[in-house]
Each structure stands twice: as C-alpha cells, then as structure tokens.
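Peer 1: Right, I'll just put the structure down here and ask away after.
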Ligand code: GDP
C-alpha cells in the first residue's frame, strides 16, 4: 500500500522548534505477552488511525497489516523488525517506535531506545516486573529516559495495586507516582479514581475491546452510590499515597527517578486515553541532541538525523533496504540532498517513507522527533548521521553490546566466496550480527557474535535466500567475554579453552569457555590485563 500524505496547509511553513514542541516520541518496553501489540492497537484506535482494533499487528488469528516481514517471523509469530507509527492526538503528533518482542533481539530494542524521548513500561498486572522489563528499564535508566508505567490486564485477576507499586520502588528503585488508582481488585475492575481531579472513571466491558470503551465520569458522591465499598477503599489507598509523598512530581519524572503509574486494560481499551493524555502533559518533547563532541545540535539548526535501524526485505516485491532515521534538528523535506557524515557523500532523500507494518506513506516533511524510512539506503548503516548545511554534525555511534554467543561461519560453496563476504558485511552494517576476526582462523572463517542465538537463524536464512550464499555455522563454546587491556598479551590468551577475537571498532576481546578457565589462566599469568566489557550501553 502506498500513498502520498496530504499534510494540512498550516504544516507547510512550519517552524521546527514549534513542531518539535508538539511531538512526543516514545517506545513501549515490556516482557513478551504483557500486551504491547494490543496496547499499540488501542493507542492507534484512540488516535483514529484505524477504525477497529486488530489492524496494526497481525498476530495469529487477527487480521491486518502484519509487521512481520520475514517469513521466519511469520512462522514463529514474533516481530523482529522495527518501524514507527505516527498519529495525531489533541493537536499533537505522537511517534510510537515499534520494538521487537523477543529477547534475542534486545540489541535492536536498545537501539530504538536511543531514538526516543520517553518510554512506556508495560506490566502484566498478574506478573509485575519480568526479566526483560527490568533489562530494558535498566537501559532507560542508563540513558536517562523518563518512564511512564502502565499496569495492564486489570480486567482479570492479578496482584494488588499497592504491592505492584512497592515492587517498582524496591526492585528497581523507581518511585511510583500513581495518577489513576484502580477501583475494584484486578479481575473485578470497576474503573479508576483519577487522582488528578478526584473523579471516578467507570469502566464498561466492550465485546473484545474492538471499539473505544465508553468512559463514565462521576463525582466522588456518585461513585459512593454506584460502587460503595470499592470506591471507599480506593479513596483511602489514594490518601495513603499522598501521605507517603507519591503524588506526581514532574521534575522527578524528567530526571527518570520516579514514574507516573496508570492502570488499565489494553484489550478493553481502558486507561489508554489516560496514557495519551499523560504523554502530552508530562513526557518531554524532542530537544537539542548532543553530537559526538557533546555539543547540542539545536532544533532550529539545519536538518540532521541519525540512523537507528536498517531493514531489508520489507517489501517482498522489491529487494529494498530501508534505513530508519530519527530527525534531530531542522525540517526534513522529501527530495533534499543530505550529506552522509561518515563519507561526506551526498544522499538523495527522494524516496522517504513512513512505515508501520506493510503500510507505507510517502513522507513530505518531517520534524525533530519524527522517524523517516529512507529507501534504497545501501550506503547507510546503523549509527550513521545525515545532515544538510553548515555546521556539519555527527551524532555518537550506536552502542555495541557484549556478545554472548559465538559461531564460526564458513561458506558451503567456495565458488561464491565473494557473495559470502558481501552478504556478511551487509548484515553487520545493518546491525543484525557482529563480525569478529580471528588471527588464527583466518579470513575464510570469520567469527559471528550475537547477543541472542536467534540472530544466527536470521543470518542463516538471509545468507541463503538473499545472497544465495548458504553457510555453515559452527557454534563455539565460549560463555565469558573480557576486553584485552594490552593487545601485546594476545599470545598468552590462546589456550585450549580461550581465544582472541578482534572487533571492527579496534577493540580486542578474549573469550573463555567458562569462568573457571578464565580464573585459572589469570592465576597462572597474573600480569594479564583483562577488563569487564562494561560501557556498552553508554
Ligand atoms: P505482546 O507479546 O506484549 O505484544 O502481547 P500481546 O499484545 O500479543 O498480548 C498477549 C496476550 O495478552 C494476548 O492474548 C492478548 O489478548 C492478551 N492481553 C493483552 N492486553 C490485555 C488486557 O488488557 N487484558 C487481558 N485480559 N488480556 C490482554
């Protein structure tokens, strides 16, 4: 599907600072099954992008615009690719960046988080904080990204609201600031007390949540009449929260120390409007972004953007390659010629698109906070900067993550070694996999390194179907990784249980089969300078 978006006349001569001010760019972080796809649908439904929930993510049994481009995704029912959904809400422009659900692709999710100004942490009311939620929250904290918490699935039995709030405080040190408070326990959900105005917002089940749930606003007196005891209990708990200092503190939220908390049900579309309103009222708008020297690129400087995701094979009809870039300053106008900061080459933006699922709209203009999909972007890699005009700018590169899985790659067809090399290079540039060089194994046997083992499956499949260069992967038994502080010591690190691998960024890694073999080598050679690979999410 392809069409040209007709922007309203008023948008045609826009001021980037004003446009940035009405934008909110965020991503949802959650553990698989917490309801991210459902919430995305519900948000889009509220924004009237789609008329009925179910049209954005096509999971099994649901119809719609599937965001699974690779057949592997389809067969496994997981979403690997990332894109952005843009919609208008109350005179604002919301950019929701999609993140992959599977833990093996967490590296992709981390990169998406470098392109947002805020995150919504989605919890399953019965499960609370789950491992991947915590992992992703840590990245948000590290990057200073403010987090809004949405406790989902309140329409079915779950844990106590106070207990969930305590968990945020005790386990991840995030102070909860509930803006709404549930009336009725999880499973017997009557609605929420809106702590901002003291009103009761009654909840009514709709069949399958296919339309926006009707909200019934009532005063406290009416609420007592309607739901009696449950209302009293919610009101008392809300008082307790105020007494313990858990009311909204916008500064603490901006510093990412405290999180506004909302309760709802994505599948029933309840609480979703609150979430949109909180995004508008409290989430930060795009602001000046520091370049690689730490100098802020002001919003009103000429156009600049950085690539946070590269994707190929999104359109089965064409073998295309799309680079997703977040606009950081100025106005993007389709057709402008930008400079690729790394090579100083010109890059034509004639084919800029916005994408979500298989829907593509041609983007005519974009402003700070927006995501543009640049088609035919063979020159662009993850972390690259594009800009126009002077001064030139380069944003910091993308963080590389500590790989945890290693495999040697060999082509099964020596006649296609050129395609083998080229294919791997492209996958590395897209950020699908890391490529390490081993002096002892040589050029023909590069070592691939991944954060999650499923990345190897993607490499296998794409090398075969896209580059027609099938390969054989031999998994290596390493589980412990250290940075080699002194490359002069590399010869000491070649043993039967360890080896040395070089990364393209110039760093040298030592990999060990296990902790015990690393420690015994260190005991044998105390002069070895081995360091933890820590600053990866810097
Ligand atoms: P994702 O893996 O995080 O994208 O999760 P999905 O959106 O696919 O949701 C996982 C399951 O939870 C699906 O069966 C949803 O229908 C269900 N679900 C999502 N939100 C809610 C909710 O608010 N209430 C209930 N009862 N089920 C929900």
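Backbone N, Cα and C atoms are what each Cβ position is placed from, and that goes for glycine too.
Sharing the feature lines straight out of TrEMBL:
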type	residues	note
BINDING	98, 99, 100, 101, 102	GTP binding site
DOMAIN	21-287	domain 'Tr-type G'
Peer 1: Within the domain 'Tr-type G' (21-287) only, compute the mean pLDDT.
Peer 2: 83
Peer 1: Please give me the CB contact count at 10 A for residue 99 (GTP binding site), counting all chains in the structure.
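Peer 2: That number is 23.
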Peer 1: Once the chains shown are all counted, how many other Cβ atoms turn up within 10 Å of the Cβ of residue 100 (GTP binding site)?
Peer 2: 21
